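Enquirer: What Swiss-Prot shows for this protein is this:
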DOMAIN    7-248  domain 'ABC transporter 1'
BINDING   G41, P42, S43, G44, S45, G46, K47, S48  ATP 1 binding site
DOMAIN    303-536  domain 'ABC transporter 2'
BINDING   G336, K337, N338, G339, A340, G341, K342, S343  ATP 2 binding site
Amino acid sequence: MERKAIIEFKDFTAHYTVQSKPTLNNINLTIYEGEKVLIAGPSGSGKSTLANCINGLIPFSTDIEISGSLKIKGKETKDLSVFEISKMVGTVLQDPDSQFIGLTVAEDIAFKLENNCVSQEEMKKKVNYVSKIVDIENRLDLAPYSLSGGQKQRVTLAGTIVDDVDILLFDEPLASLDPAAGKASIELIDKIQKEEKKTVIIIEHRLEEVLNCDVDRIILMNEGEIIADTNPNEILASNKLKECGIREPLYITALKYSGYELNKEMNLENIDKLKLSDDGEKLKTWYKSLNFNKKEREEDTLLEFKNVSFSYDKKKDILSDINFKINRGDIVSVVGKNGAGKSTISKIICGFFKESKGDILFEGKSLDGKTIKERGEEIGVVLQNPNQMISKTMIFDEVALGLRVRGIDEKEVKERVIETLKTCGLYPYRNWPVSALSFGQKKRVTIASILVLNPKVIILDEPTAGQDYKHYNEIMEFLLKLNKKGVTIILITHDMHLMLEYTDKAIVISNGRKIADTTSAEILTDKEVIEKASLKETSLYDLALKFKLEDPKDFVCKFIDFDRGARN
């Protein structure tokens, strides 16, 4: 049966008028009806611009010059209005909150239908139908903002498919979801694509998670061009992911370390179907050759929670009887599903919230009675979105702000800011406006503005969210450098790769309670903890189980230790 093209780019170029080079350069691409396609590439590769050309935001809402041809369902998009394109292409944005319009879930899903003057009876039928597809039918009367991250995404998806569009475009659907919600999201997208016969395009950095369900093709982009367009097995067998600065699945890295020559016949995209000609003997031999010297550290407790509970209304505890210790010089992850209480812990440490029971000790002394300002002299917090922290126009002034507010002499301010900018790799940009920086560079500015105050602890909320692998590594290697200088680092994260690769210890929160406090490898190989906290087993553990390695937990620990050494 002949495939029918639904999206066709021919010699397509897009050039923002403020930039010297085209963002998309001579793109030739055909996507067929019913396909599921993953578009991946580093930041600035042009994938978002490509997506915005498909959904009509370009050229209608942007000052950009385009040439060549783009057809959707056989129609030239430059001859269509945004409204006409929106009847064919539905977009689910990275941030669901930015898409909500209705006061209830039902109202939000019905928004498109109201615009199309659909009768109330027909509207109710359609809303009920799509709400069942996305498993949100029991929450139609709730406010969208009261839902969890995964539920919010289901609402935006329902509002997109209610109009029966043929093409669904997902912009980083996993960015704000915990691992279990992310897995459920990918499974839901797969279900809709198959059952509703939709064409699905996913833009995402987190390749391994997307490949939990089959995709037909992966399109790799770099510097405005398509550098690969083929099936997942061929991509994974090549080195194109690393060449593009995209993180390959950890089990693929393990196979390469073991000495396997990868090829598409090995069914690399799925561990369950993975075939190794020697039944894993090379993997077993490599595992036996690994040494793991656990670093023993002297216990020097810096921060301690003692029976801490917290409640907004003195009725229901958000946190219940939390106990843990963090040693000086640690890098620690705090993990758990959305709404578990992770961010509440950081807010209590900083004094934004007051614990209702228990005590928090810092260097052996209670923080009770310490003001936010006093705590801020020892403990710094970096928010997920740097734009929420930045208040000055120029980089130097932003980093200097905290010192100037404290009345530090201007000569000392200059010395400390320059030293910090050099440490953060920002000195060449010291006289630049903050607006000229990339998202990752802005993140470093916010870290610098905290670091200049010489804190003993830095708490970072989702430090790598939305970052491609190159910028992810830059931020994490930078944090490791700070850690080596004695700064204790606490990471609140959903990223299981980050937890495994960079933190020796993790604290797991579930429904307001601490359920684990041990090594990252121990946590991500413990089925009970994983299920309770909506985490996800590492693919390394699955690989070890499939090929019957002697001790799967030990394999994960040794791989992480070896990989750190290889990367450094």
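The first residue you see is number 1, and the count goes up from there.
Any Cβ shown, glycine's included, is placed from N, Cα and C.
Since we're looking at a predicted model, the values are computed, not measured.
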Enquirer: Can you give me the residues near the recorded ATP 2 site, meaning same chain, not G336, K337, N338, G339, A340, G341, K342, S343 themselves, Cβ no more than 8 Å from the center of the site's Cβ atoms?
Expert: D178, T344, I509
Enquirer: Looking at Cβ-Cβ distances, which residues of the chain lie under 8 angstroms from S343 (ATP 2 binding site) while being 6 or more apart from it?
Expert: D461, I492
Enquirer: List the residues of the same chain that sit at least 6 positions away from G339 (ATP 2 binding site) in sequence and have their Cβ under 8 Å from its Cβ, in sequence order, or write 'none'.
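Expert: Result: S148.
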Enquirer: Please report the distance from the Cα of G44 (ATP 1 binding site) to the Cα of G336 (ATP 2 binding site), rounded to the nearest angstrom.
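Expert: So the alpha carbons of G44 (ATP 1 binding site) and G336 (ATP 2 binding site) sit roughly 31 Å from each other.
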Enquirer: Suppose we draw a 10 Å sphere around the Cβ of S48 (ATP 1 binding site). How many other Cβ atoms does it contain, all chains included?
Expert: 20
Enquirer: Just to be sure I understand the packing, how many Cβ atoms besides its own are within 10 Å of the Cβ of G41 (ATP 1 binding site)?
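Expert: So the Cβ neighbour count for G41 (ATP 1 binding site) comes to 26.
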Enquirer: According to DSSP, does K47 (ATP 1 binding site) sit in a helix, a strand, or coil?
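Expert: Once the DSSP labels are grouped into three classes, K47 (ATP 1 binding site) ends up as helix.
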Enquirer: Can you name the residues of this chain that are 6 or more positions from N338 (ATP 2 binding site) yet have a C-beta less than 8 Å from its C-beta?
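Expert: N338 (ATP 2 binding site) has long-range Cβ partners S148, G149, G150, S176, L177, D178, A181.
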